[in-house]
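A quick write-up on the structure given underneath.
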Amino acid sequence: MSKNRFLLALACLVPSIIVIHGQQSCSVYNPCGRNGYCEDDAHGRWQCICKFWWSGTLCNKCNEIKIHVLKSFHTLVVVTNNGVQVIILGSLLAILIIMYYGLIIFNWLSKKKHKPEQQKKYSQSAVHINTTSRSLIRSYLIVLSTLVVALLGLVVKWSILQPIHNEIVEKFHQNRSLFYDSHRLCHVLDYNKFNMILFPISCLLIVIFALEHRRVSCMINLWHGHFASPVPLDFFTHSDRKFVAVTFAICANELLEIINQTLNGSTPPEHGIILIYLQRILQVLAMGFRYYPILVAVNRNSSFSLTLGTLYIWLEFPVTIIQQGLCQSKYYSTMENMNRSSTELLLRYYGTGSFLVIIELVTDIPGYFCFAYISVKLPILLFDKICRRRIQVPYSKILTREEQALIKVTQTNSVEMVYVRNLSLTHKHRSNQNNIFARFIPKMIYEWRDDFRFSSRVLCIYSSIFLLLYFTLIQTCVQLLPYMDLFQRGLQEIIDLWFGNRAKSSFSVPHFIRPFMLAVAIATIVIVGQLSVLLTGIRRNLLQAFRGDDCEIPRVQRLSYVNSAIGNFHFAGYLIGYVVWGWILMLFFTFISFMCIDLLITLNVFHIFEWILKTLIPILLLYYFKEFLNKILARFIFLQHNGDALAVNNRRVLMIFLYFNFFLDAFLGLVSSILRLLQSFIGAIIYMSRLDYSPLGRKLETWDDGFSAYCGFIHIECAHRHPVLLVFVGHLLSIVKSKEDSVSRKTVMTDAEHVITGDERAENTRAEHRRRQWIRKWQLAAFLVRNPSILFFRKAYINQFHSNSLVEVSRAINYNIQQIGIRRYMSV
């Protein structure tokens, strides 16, 4: 009897709806108790809607359990209702889950017990990139100087905004139009959204840098090689990464302002849609020209360029502060923008205090810190350039910027050299990381590696994305909260007018602000987490591409080189757009979900939710019962060595099971298809910001423009940043430059005791050339024997085909590579 009572209590937890009619209204009398809902019908009588499988007039009983004993077989047969059946199925599922994971733990403990003891780990000598005390002191000085300069900039902007705020508040109390008179400098600083002071100066500096820069390959004799296009940065290198990333981060705020101008329609419609978009494109180009001289100055790394860059940034920072404070205030409008301003609504919601001023200063903190860092870093680079000795290599004066970067790769503490040295070491035997940030970041979140560095392009993209998210987050919360409060009150008034005074006392619209803030927080956390995972994925996919592993990223084909290059073009812009759109979608659907939950709580319609659970719980329990049963059978019955080997065990029993399972899974396939749709929908929203994930699947992933752009970026990065390639080329370049330098010194030096004739010098040169030629042939033969797939990419092999039959060349190369792989696989 005790067991029957226990099953009876469990059965009461599973939902059923039974309606009992009464004579009085629920407002006067509520007889249903906690096991049912009391509702009034159209005639004013109460009715009890019982929760789950409770029954009875007042929902105080549970359905009975009938027990029959078959005396002939001494068997107990229990005929239960739906609730008890669900409880029994759930209990069986719990037993299966406990059994499955218990067997896994038991198998793991038994393996660990019989595992032989490993030898002690031995230490390996590896290269550490240590930081000297001098560099630490210098870093602290840079941080302190940056902090002081940024605070000074914020104080200056506060002194500009406070009088404007006081003027707007005074007009607000007097019920006057809320605008302030713009300064006369705004006609120059913000002429049609163009800075007419900094833009001409930046163009002049670009021309000066072009005159200083020399051409390398095109028309060298024209103007003695001068007037070449200066390169702002090299995206394939990892030099000056922090400086470049900070510079790109500054552009995020201006890019958001351009987007807001486009969405708000700040340009008069009579200009035409094409002219409006053309103006926005010109604004983006003008923004690029403004920060172009700063990047060129650091990339050139000469005293002249650093001097001009320092003077320019010292002019750029104050002018930007004045322009944003006087002419481009975020929450206070001028007379031209008065009709499109929401200043009155913001003041009514947030009050007339200094809240808007504080919010605008908080918004500008990251940008001002970036400006302050550049303003401090450029003078330090100039000081180092003047004081540093230039005796690095004897041929440093004739090296270009690219050649210097290649020769730095061959140094013992370079990242590429550490990668090459670690190729022969396992992951356990590699050196521990001595980086400061690596000590504070758990390895389960991100593992720092000394043999890998992200390129400047990746850091630029991430710095721009994070600051863009920061600005978007603040602007969204500040601008939308007053409108949500206004919309909530308006909706409440409409409902009160529609249903009368009775609805006003019994129903209230759920609050929008609390679900919205929770949705913003969750969307931001999810997007930041996805970006962190994407950063780890980029490193993993690059290392896989370095090793020639194409398990995640499809191997690039000769005929798809153009598509890879085009995808590399789109990578940065697509990633920024996908992140912003993913954040908006995540915010929207999370807000809708929270509003539905809040609406259920407000309307007190839990019986609908219980009905849904009543329908879904049996289906899900049956589905997962079958899933865990399959796991136990597959791991411990039908596979050898408890699933460690892909070899069938108990073959005859497996054939019988497959026969019956063939028909049984037809019903579960319907449930799985529905789950597949839901998972695809939710996964597409959550993974929108991940370019390395394609919701179209493996066969159709090339149709996804975002994934194609990511693949193109990985292939281009691998082709130009491969560590082994860079070390090899840098080593060859250092040898060539050393020989050229030694030959030039020998031609200048004269020996009074012995003079080599021209014939002897020529004979020695020919003998040396023949000897090196034979050495190169032996080295080439050994290299091709170890890497036979490269044989089909040699010029001698490709020249056998006609120049127009590139398709046949690609097919022949792929076929030969596949044949080599098959022979290697069969030989194992």
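Glycine too: its Cβ is placed from the backbone N, Cα and C atoms.
A TrEMBL annotation is a machine prediction, not a hand-curated record.
Computed from a predicted structure; not experimentally measured.
Residue ranges 459-481, 574-596 are listed, and TrEMBL annotates 459-481 among them as transmembrane segment. Below 8 A, the CB atoms of the transmembrane segment (608-625) and the transmembrane segment (365-383) form no more than two pairs separated by six or more positions in the chain, fewer than 3 in all. Only residues 6 or more beyond the boundaries of the transmembrane segment (516-538), in the same chain, are considered here, and those with a CB under 8 A from a CB of the stretch are 445-446, 454, 458, 462, 465-466, 469, 473, 476-477, 480-481, 484, 579, 582-583, 586-587, 590-591, 594, 686-687, 689-692, 714.
DSSP gives CYS50 (disulfide bond) a strand state. Counting same-chain residues at least six beyond the ends of the transmembrane segment (140-160), those with a Cβ under 8 angstroms from any Cβ of the stretch are 317-318, 321-322, 324-326, 357, 361, 364-365, 368-369, 371-373, 375-377, 380. Under 8 Å from some Cβ of the transmembrane segment (365-383) lie the Cβ atoms of residues 138, 142, 145-150, 153-154, 157, 243, 246-247, 249-250, 252-253, 294, 297-298, 301, 303, 306-307, 309-310, 313-314, 316-317, 320-321, 467, 470, all in the same chain and six or more residues away from its ends.
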